[in-house]
Amino acid sequence: MSTQFKYWEPYVSPFDPCPPIRIKSYSTPPNLYMTFQPTGLAQFQTPREALHHGTLWPELFSPYPNPHKWGEQDG
Amino acid sequence: MAKQVPKEFYQLLREIQEVDFVLLELNLYLDTHPDDYDAIEQFNNFSQRSRELKINFEQQFGPLMGFGASYSNYPFDWGNTPWPWQV
Amino acid sequence: MWYYEKKLQYPVKVSECNPMLAKFLIEQYGGADGELSAALRYLNQRYSIPDKVVGLLTDIGTEEFAHLEMIATMVYKLTKDATPEQMKAAGLGAHYSNHDKALYYENAAGTPWTAAYITAKGDPIADLYEDIAAEEKARATYQWIINLSDDPDLNDGLKFLREREIIHSLRFREAVEILIEERDRKKIF
């Protein structure tokens with residue numbers, strides 16, 4: 001399964017006024033890796049779980065905020 | 001102050017929201033996968049379940065749908081509180 | 001035509017009276033990438049797009065109105081019993097002087113909604129690519145609002161709405177695939 005966040009290190013100048021955020025991230029949800037949903041994709045066990053996650057299919061669920069710490073590899 | 005709804009209102013409504021969410025998800029999926037037989041079968045099963053849940057809810061708490069898609073009690077109870085944003 | 005159903009798509013809860021969060025949320029009510037723009041964009045595109053994808057545009061457009069109602073519910077609950085002083089402290093003094101507690105189709109900076117937010121190019125691929133971009137922009141907006149909010153109940157609803165943007169984006173990509181498919185070739189799913 002694809003990772004849900006990607007990381008990059010912006011250039012840091014000695015003259016930046018705010019304390020630098022050394023590692024930045026952006027969201028790459030699973031829809032980006034699925035051009036056309038295959039048939040028979042596994043579903044959440046119950047309608048309750050589906051509603052709670054906002055989708056019927058666990059493979060298309062995207063957690064937010066990043067459940068891992070900034071800069072830590074996810075997936 | 002208008003009477004507040006009982007706990008059961010929230011439980012039954014939640015169950016309807018759950019079943020209807022599965023239906024909505026399957027509906028969007030079937031819009032782009034019209035030949036998926038299993039998904040259509042699941043869709044029709046959940047459609048049946050949704051109807052049953054709504055009949056039960058409406059008997060206790062009044063109509064869910066306007067314009068005659070739900071029956072009315074006497075007096076006409078469509079406009080009774082709570083509205084969705086008030087619950 | 002449409003039927004109204006007296007229920008929200010997802011149960012909305014808010015932990016505390018917090019008009020500041022309402023000010024941020026209004027972005028998804030009357031902002032460029034908000035739910036009103038989305039609903040009107042998709043439903044309007046239906047009249048000139050190939051028949052194969054009209055059902056999808058109808059259904060996603062309809063779901064967007066359910067999301068608009070969820071956002072309205074959040075704003076309503078966050079501001080319902082706030083005092084004028086609380087509204088002023090939350091940066092909603094200008095809103096209050098014009099609208100009291102009424103909701104208004106405006107963005108977080110107070111700019112009224114405009115049809116210029118949505119386009120209708122009439123080219124099915126151009127329109128669907130716009131829809132995909134709109135879903136990703138709405139997803140990003142939900143992320144920034146979640147980052148600003150410390151209300152766990154509110155964030156629960158916002159995470160649901162963010163996930164819906166992801167599903168819609170996938171469906172629009174599938175719609176593109178359906179339209180660019182080579183003639184008579186069997187679908188590959």
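Note that Cβ sites are derived from N, Cα and C of the backbone, with glycine treated the same way.
TrEMBL labels come from automatic prediction, so no person has curated them.
Computed from a predicted structure; not experimentally measured.
As recorded in TrEMBL:
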type	residues	note
BINDING	C:Glu35, C:Glu64, C:His67, C:Glu135, C:His168	Mn(2+) binding site
BINDING	C:Asp59	Ca(2+) binding site
Would you kindly give the Cα-Cα distance separating C:Asp59 (Ca(2+) binding site) and C:His168 (Mn(2+) binding site), rounded to the nearest Å? 10
Please report how many Å separate the Cα atom of C:Asp59 (Ca(2+) binding site) from that of C:Glu35 (Mn(2+) binding site), as a whole number. 14
Including all protein chains displayed, how many Cβ atoms other than that of C:Asp59 (Ca(2+) binding site) lie within 10 Å of its Cβ? 18
At a 10 Å cut-off from the C-beta of C:Glu135 (Mn(2+) binding site), count the other C-beta atoms across all protein chains. 24
Near the Mn(2+) site, what residues other than C:Glu35, C:Glu64, C:His67, C:Glu135, C:His168 in the same chain have a C-beta no further than 8 Å from the centroid of the listed C-beta atoms? C:Ala38, C:Ala39, C:Ile60, C:Glu63, C:Ala138, C:Leu161, C:Arg164, C:Glu165
So if I measure Cβ to Cβ from C:Glu64 (Mn(2+) binding site) and keep only same-chain residues at least 6 apart in sequence, which ones fall under 8 Å? C:Glu35, C:Ala38, C:Ala39, C:Tyr42
So which of the binding-site residues C:Glu35, C:Asp59, C:His67, C:Glu135 end up next to chain B, with Cβ to Cβ under 8 Å? C:Asp59
Using Cβ-Cβ distances, find the residues under 8 Å from C:His67 (Mn(2+) binding site) that belong to the same chain and are at least 6 apart in sequence, listing them in sequence order. C:Gln9, C:Gln28, C:Glu35, C:Ala38, C:Leu161, C:Arg164
Taking the Cβ of C:His168 (Mn(2+) binding site) as the centre, how many other Cβ atoms fall within a 10 Å radius? 27
